[in-house]
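The region 'Disordered' annotation in TrEMBL covers A:1-38. Per TrEMBL, compositional bias 'Basic and acidic residues' is recorded for A:1-12. Look at TrEMBL and you will find A:THR71, A:THR72, A:GLU87, A:PHE88, A:ASP112, A:ALA113, A:ASP132, A:VAL133, A:ALA134, A:THR135 tagged as S-adenosyl-L-methionine binding site.
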Amino acid sequence: MTLPDGVERRSIAGETGLATRGQPVYGEPTEDGWRRWNPNRSKLGAMLETGMQTGLSGGETVLYLGAASGTTVSHVADFAGPTYAVEFAPRPMRDLLTVATDRSRLFPLLNDAREPTAYAHVVEPVDVIVQDVATRGQARVALENRRFLDDGRLLLAIKARSEDVTRQPENVFDDVLEELREGYEVLETASLEPYHDDHLGVVARPD
Amino acid sequence: MTTHDADPGWFAGLDPEDLDSGVDAIRDGSATEPREWPQEAVEDGAIGDKSTYYDWLHEATVAASERAVAERERASDQQLIHAIRALDDCERVTNELTERVAEWAGTHDCDATVDTEYVQELAEREPEDALESHIVTFASRVAALDDQATELRAFIERWTPDVAPNLSALAGSELAARLIALAGGLGDLAKKPSGTVQVLGAEDALFAHLRGGATSPKHGVIYLHEAVRGTSPEHRGSAARALAGKLSIAARVDHYSGERKPELDDELAERIERIRARDES
């Protein structure tokens, strides 16, 4: 498994796991300036942990959709370049703002990821889109934001229960992937278990 | 590839020293397609180099998000409680005064009826004499109060989703606001067991039951919800219990995290569907 520069497996507090270098954010264990990246709390962390080929090498420009409180975004901003973080709910945004204070290349945007025209005047074309939104229409969000990718990668975590709790996750994943193929070539998919139930990790590139 | 005919970047025409205009440009601007903004900003002479551009962008996006958060959070639960109480007062007084208008107007106009439509129509009339002008002025005050109630309803409709996104998705804005008001706040609602949420608004019946004799109420204000009303009386208690459970969870998510969880909608729909299916079997 290749990890991006700036992400390492390190032994922290007696346990070995993913870590990045930066200011601690959510009470994670730290050692020598490195802080644990807990895959149970981060879909992207789980994608790296399960060995998916994310294509990340470090230093990329990133558009992060569904930044929430900034748990994952904080790690991304530690190893990536300029990082645009879109989150629509005010309360998690407050936590995200705290994360952004210590990270000068993290740009928080209180916007709806389904309406990219409201932030396309701020966000430049990026190398990577990371998407973790808990709404229905996750494929639609990815397609709407395809305009920010020339080539590069979409790293998507599909949450089956956000689309439809009553159906089998596998069927939901199939539908989302089929819709996603309208604008992307899917390179790899993998279940994010045991870190996240009913989630599918997807690596795709614009088609 | 700098084509400047399309939508400009957020920084166009701005002075990096002037943070306020940068904040406004970020919040109010738009573009159909992204472009290499950092490079354009440097080429346009808006800023010296890319690194300074990113410093500027960081300062402006943080400030813009802080302000947007503050604005949306001003939509606090306490504001909603005032709004829902003002709405109830407006409606109660409008009803009372509508009767008074109809009674008075009836001495003058044999088509007078006790409803707000009649009051609205009367308020528009051109009075024919001094006496009628009193009645029309009175009617126009009542009509204005009725309009105020409509405005308050629209306000509640718009603001409740910001205060409690999940609760209002499950319950609808008005019922969500009523539950918050009955509990005394979103935090109070989040701390109540779902059995209490089930009978909020039915306190009289509940205490009659606790004193002995009366049956326990099956539902309080959540009766307004289609999941309860649309279920056959036999299963209404189950529906009310299931609904109250999901609404409690929604209130807790709203209070403690504030993030929207659409799966709650489906979980509720699924539960109610299963309860109603008992009728068919």
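Just so you know, glycine gets a Cβ as well, placed from its N, Cα and C.
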Problem - Filtered A:THR71, A:ASP112, A:ASP132, A:ALA134 - binding-site residues with C-beta under 8 A from chain B - result: A:ALA134
Fill in the blank from the handout: Least crowded of the binding-site residues A:GLU87, A:ASP132, counting other Cβ atoms within 10 Å of each Cβ, is A:ASP132
Fill in the blank from the handout: Residues in the compositional bias 'Basic and acidic residues' (A:1-12) per DSSP class, helix first, strand next, coil last, are 0 helix, 6 strand, 6 coil
Practice task
Enter the number of other CB atoms within 10 angstroms of the CB of A:ALA134 (S-adenosyl-L-methionine binding site).
Solution key: 17
Problem - S-adenosyl-L-methionine site span - longest C-alpha distance across A:THR71, A:THR72, A:GLU87, A:PHE88, A:ASP112, A:ALA113, A:ASP132, A:VAL133, A:ALA134, A:THR135, in Å - result: 19
Practice task
Have a look around A:THR71 (S-adenosyl-L-methionine binding site) and count the other CB atoms within 10 A of its CB, chains all included.
Solution key: 21
Handout entry: Per DSSP, three-state class assigned to A:GLU87 (S-adenosyl-L-methionine binding site)
Key = strand
Practice task
Around the Cβ of A:ASP112 (S-adenosyl-L-methionine binding site), how many other Cβ atoms lie within 10 Å? Please give the count over every shown protein chain.
Solution key: 15
